[in-house]
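Taking it in order: structure first as structure tokens, then the write-up.
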């Protein structure tokens, strides 16, 4: 198995380094990751400036000023040859649950892999301590994929409780929950009296029902949520069509 490994916390983050070490015990791994923390970068691509890379002695590649999506794009299309069999993103420091997936660079890296035609996993730890647990879970899932490929055409978003491995209760297939909207913008002043702003913390849980990713992780289970790239709200298409007709929206602009 040839694995392209990326993240959004940066190439030196403990999550990606722990996971790379574990994956290399049974797979060929190429790390291509941002040279710094790019959390919250979502699916952004660098289009107006060229991208430079730095190669470490162990073969890891950092993309300077690159986003997670940049890294996977370059990894698949230029930097890993032969091409990878699968894209893995993580281990993220902190969860990517519910609405987090909209903003997550970790999920975006996996989404880019899927967009480029490859199976893809995004892995996050619900905390900042037991990266070895998340690495063991990821390796177990990847070995299962080797034995029996999963042909869903979807991204697997995996969230792991921040617990010792022997305290993990199992794995649940879940749906994304949701949070209340985040509404805080924290204002400060720089030494010259200019106002600057920090984006506030995420909103509190809104939908954390028993079948959600929030509930699974809170109860000590690994959450596995299948995500897809198609954002079309298929169930709403007829409603929108009927509204356009009843509202008499015409081509007479």
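Here the Cβ of each residue, glycine as well, is placed from N, Cα and C on the backbone.
Taken from Swiss-Prot, the feature divalent metal cation binding site applies to 8, 9, 39, 92.
Of the listed binding-site residues 39, 92, the Cβ environment within 10 Å is emptiest of other Cβ atoms at 39. Residue 9 (divalent metal cation binding site) has a Cβ environment of 23 other Cβ atoms inside 10 Å. On its own chain, residue 8 (divalent metal cation binding site) has 34, 37, 38, 39, 40, 41, 67, 68, 89, 92, 104, 105, 106, 108, 109 as residues at least 6 apart in sequence with a Cβ closer than 8 Å to its own Cβ. Mapped onto three states, the DSSP output places residue 8 (divalent metal cation binding site) in coil. Those residues of the chain, other than 8, 9, 39, 92, with a C-beta within 8 angstroms of the mean position of the divalent metal cation site C-beta atoms are 7, 10, 13, 15, 37, 38, 68, 93, 94, 104, 105, 106. According to DSSP, residue 39 (divalent metal cation binding site) is assigned to coil rather than to any helix or strand.
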